[in-house]
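So that you can see what the record holds, here are the features copied from Swiss-Prot:
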REPEAT    129-162  repeat 'TPR 2'
REPEAT    198-231  repeat 'TPR 4'
REPEAT    235-268  repeat 'TPR 5'
REPEAT    341-374  repeat 'TPR 7'
REPEAT    412-444  repeat 'TPR 8'
REPEAT    451-484  repeat 'TPR 9'
REPEAT    497-530  repeat 'TPR 10'
REPEAT    531-564  repeat 'TPR 11'
REPEAT    566-598  repeat 'TPR 12'
REPEAT    613-646  repeat 'TPR 13'
REPEAT    648-680  repeat 'TPR 14'
REPEAT    717-750  repeat 'TPR 16'
REGION    889-1157  region 'Disordered'
COMPBIAS  917-928  compositional bias 'Acidic residues'
COMPBIAS  1024-1044  compositional bias 'Basic and acidic residues'
COMPBIAS  1057-1068  compositional bias 'Low complexity'
COMPBIAS  1091-1109  compositional bias 'Polar residues'
COMPBIAS  1120-1135  compositional bias 'Basic and acidic residues'
COMPBIAS  1145-1157  compositional bias 'Basic and acidic residues'
Amino acid sequence: MSRGSIEIPLRDTDEVIELDFDQLPEGDEVISILKQEHTQLHIWIALALEYFKQGKTEDFVKLLEAARIDGNLDYRDHEKDQMTCLDTLAAYYVQQARKEKNKDNKKELITQATLLYTMADKIIMYDQNHLLGRACFCLLEGDKMDQADAQFHFVLNQSPNNIPALLGKACISFNKKDYRGALAYYKKALRTNPGCPAGVRLGMGHCFVKLNKLDKARLAFGRALDLNPTCVGALVGLAVLELNNKEADSIKNGVQLLSKAYTIDPSNPMVLNHLANHFFFKKDYSKVQHLALHAFHNTEVEAMQAESCYQLARSFHVQEDYDQAFQYYYQATQFAAASFVLPFFGLGQMYIYRGDKENASQCFEKVLKAYPNNYETMKILGSLYAASDDQEKRDIAKSHLKKVTEQYPDDVEAWIELAQILEQTDIQNALSAYGTATRILQEKVQADVPPEILNNVGALHFRLGNLGEAKKYFLASLDRAKAEAEHDEHYYNSISVTTSYNLARLYEGLCEFHESEKLYKNILREHPNYVDCYLRLGAMARDKGNFYEASDWFKEALQINQDHPDAWSLIGNLHLAKQEWGPGQKKFERILKQPSTQNDTYSMLALGNVWLQTLHQPTRDREKEKRHQDRALAIYKQVLRNDSKNLFAANGIGAVLAHKGYVREARDVFAQVREATADISDVWLNLAHIYVEQKQYISAVQMYENCLRKFYKHQNTEVLLYLARALFKCGKLQECKQILLKARHVAPNDTVLMFNVALVLQRLATLVLKDEKSNLKAVLNAVKELELAHRYFNYLSKVGDKMRFDLALATSEARQCSDLLSQAQYHVARARKQDEEEKEMRTKQEQEKEVLRQKLLKEQEEKHLREIEEQKKLLEQRAQYLEKTRNLLSFTGEMETPKEKKQRGGGGRRSKKNGEFEEFVNDDSDEELAPRKKKRKKGGSSSGEQGEGGDEGEGGEKKKKKRRKRPQKAAGSDDDEEQTPQSKKRQPKKKEKPAKLERTPPSMKGKIKSKAIISSSEDDSDEDKLKIADEGHARDSDSDDGPRKSQKRVISDSDSDNGNKSGSDAGSPQKSQRSDEDSDNAFARKRRRQISGSDNDSAQSRRSSGGSDNESRAASNSAESERGSDRGSDNEGSERASGNQSEQEVEKSERGSDESD
């Protein structure tokens, strides 16, 4: 079937030349015809495209190149054909550049395409086809994706359904990781043209994979294969999906798909790389290398090349060809994108193999940046940084390993690595990490704990001071090492040696020096080159004070290693300890001359200390002193430059500043060092020295004392001397003396201490002797101490150490002591005389005190006798008054008896509530009263005497009432439930003597206001004084109380308000005695009625009872007691009667008696 033809018009004629597409002539022939006939440009382009379709690309290029020059442009719209010609040729060059593997040729083709597109821009810039071609060219260049996006966008704005523009936008979105956007563009293109090629389905499948929609991706790849069975991309996509299922059948299907793709396109780099990966896991490394190399050479895409190099590198890695592996890993990292970090992981391993930890760390850091929580990477980085000297990196390692142990708590290696990092900074957590590793080994792995871990745990306990635990672990490590020696004798014997050395150090800490010495020597017998054993033996000898033996051991170490810095340092320290500054200085300078130890910090500090020490020696050469200061300062600065955190160098700088006189600056330096660490004793001492210089003696003393407590288990004579100096300066000589004596007990032969003790004794003695108030004992003690100081100074002036103090000063002080001793007799005599005077004065004072004491005793005795006499007189007066009162009561009772019998009514009595009558209750006759009172007198003071003794005076009565206040019941209480047991016991006796009631005559009704009852009480608290019993406080408002009580009382319905003021008599001790007092009260009532009957009788009664002032007052109080009885109280011992009320009631009673007459 003919594919068609094209007609070429002949010039200046109407004839044409027809060229059949199936029989196209050579390109050059066609070009000559077209040139000869001056053919229009669009015919050139059509012929060129036909040549391209037939695969004749050379003729296609020749035609288009010739058309650019010779094409006829004399027709309408020739600009569009001219642009099409340029764009078509440029698109061909772009396609060729995409396929070209040679970089130079590719660059040349891209340059030609760029030139052609630029020329086309000048003709028609915004043509859609032109813009599409140029956008595709930008995509090929890779770094012009934004320009391509803008051009595709411009086309879509003009033609929203333009399929090339949609596919271009989809490609750009996919590369920008906007997979949803890319999928949307692919879908729109597919809807616009459902007959799109398989590549559109392939792009959709890749989008579905990125969106994790694997089922849809599988369908898309399958549909692409349906449309194009030879679509390699779809086959590879399906193969990868199958391989990722990680099942045997799926893997088999995936490999078959890859094989099919390889059959279709054996040079496809993607297929080759996937097959290489498959054969790597099949351990067919030769095929891996063949396929990966083939893939590498068949692609110019760097991502593909990186994959190929990685496959090659790991195949060589697993075959332990580390040089080839390193080469390909490195090449892969050059091609790889930022997200492809597997080559960096392998390259890091190669660097570790080569010992280049720095580059290895950089590689793994790149991996960790892409995958922040990758377990293997964090573990490797932690291990690398753990061995670093940089503390920051060690902190990073600690952080990584902590994350590893959190993600995988059973990783023993990670726990051990973490413990090793923590050993230097956090011993407790290091022990915890080792404990976790040990537990995992024993419980999870079911394995024995390695001797290395046991040794490390023991060393940590040793550092913490847990010597018992450390010993246990060291012994366990030795046992494990012996057991494991069967498998690797050489290795585990070396472990045993290290553990034995540690055990010997432990015995040193336990002060078992014999055991440690034995272990060190055993190690040296087996390993004579173990230098540390020589050094420890020398250190033990040095601590015992055997400097020569120590020096021999250190020299033995130098026989093994002539340049061993520790041995030279220890020898230098021996010289410094003996104050041999020159030889010591040479030893440290020798260390610094060695290339390997030219910056040795310890040696530089020791040299600085030597120069600093020379400043303490007395010298008059100021220039020399300044040179020494500058040298020391320069050395300390050099140490700080090498190690900015060296606190000892900073402390040295502070000391030099203090020597130069910059005391404030020195104190600031020392304070900063002390803030950084409180574990350096020198800093504390230097601060205390500064305080002394600033005359802050109290602060200095506190600092010295704190330093002694914190750093020195035993008394340190040097620090004690500093403390004594501070106390001496602040004038505390006694405390200074005690401190110096402590130091003397430690170092009795120290001449400096002896000099200072003598000086303090001399000053103390001088103060005591000059003080005129000093007693004889103090003066004698001062003379004794002065003599001791004199002997000390004399001794020191002859045999003292010239290097430590001036002997002439001791001679001068001895002479001063001698002068003071020559004056001592005067001070002793003065003190003795003063002491004798004081003794005489004390004797005289004692005698005066004794006389005064005897006088006071005599006065007290006389006063006591007078009180006894007065008491006897009072008792006699009381007895007389009681007797008179009884006689009076008996007489008046006999006089009143006939009249009462006439007035007495019936046996019944009217209720108090009616308020019509008051009842008078009579008790026994006079004959029955006397025996009852006699019985009471036998038991003590009679109740009658107590009751009537209260009549001595109204003032006395009130005092007694205030002192004997009782808890009160509410006014108007109806019950007497709180009667004491005594009153209940006496009630039957009262019933045997029936009360004789007597009605008040009607003419007396409402006129008799109150009656008093004179009672006697057995209360001993009134000291046998007489008292008026006021019944106003014990009144009950209800007449029903009468039957329950055998007491005789006057019941009145008047003055109820006053009665309400009285309280309850419950619990009163007098209540139990009222039955005995009723007979006296009866006589008193009879007498009062008779007195109220006539004024003459009343006057006669008053005269008979008024034999004395006291008796007159008693009678008056008795009348007042009668008025108190009107309140209805049945407690005759109550003490609440008021004087004013009593006077008013007396007047009322008298008026009532007048009316009754």
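Cβ coordinates come from backbone N, Cα and C, glycine included.
Listed as Cβ neighbours of the repeat 'TPR 14' (648-680) (distance under 8 Å, sequence separation of 6 or more from its ends, same chain) are residues 605, 608-609, 612, 615, 629, 632-633, 635-637, 639-640, 686-687, 689-690, 693-694, 710.
Note on the repeat 'TPR 8' (412-444): DSSP counts are 28 helix, 0 strand, 5 coil. Taking every recorded stretch in 235-268, 412-444, 451-484, 613-646, 717-750 and counting its Cβ pairs under 8 Å to the repeat 'TPR 12' (566-598), the highest total belongs to 613-646. Within the repeat 'TPR 11' (531-564), the DSSP-based counts of helix, strand and coil residues read 27 helix, 0 strand, 7 coil. Within its own chain, the repeat 'TPR 13' (613-646) is flanked in space by residues 576, 581, 599, 601, 604-605, 607, 652-653, 656, 659-660, which lie at least six positions past its ends and keep a Cβ under 8 Å from the stretch. Secondary structure counts, DSSP: the repeat 'TPR 10' (497-530) has 27 helix, 0 strand, 7 coil.
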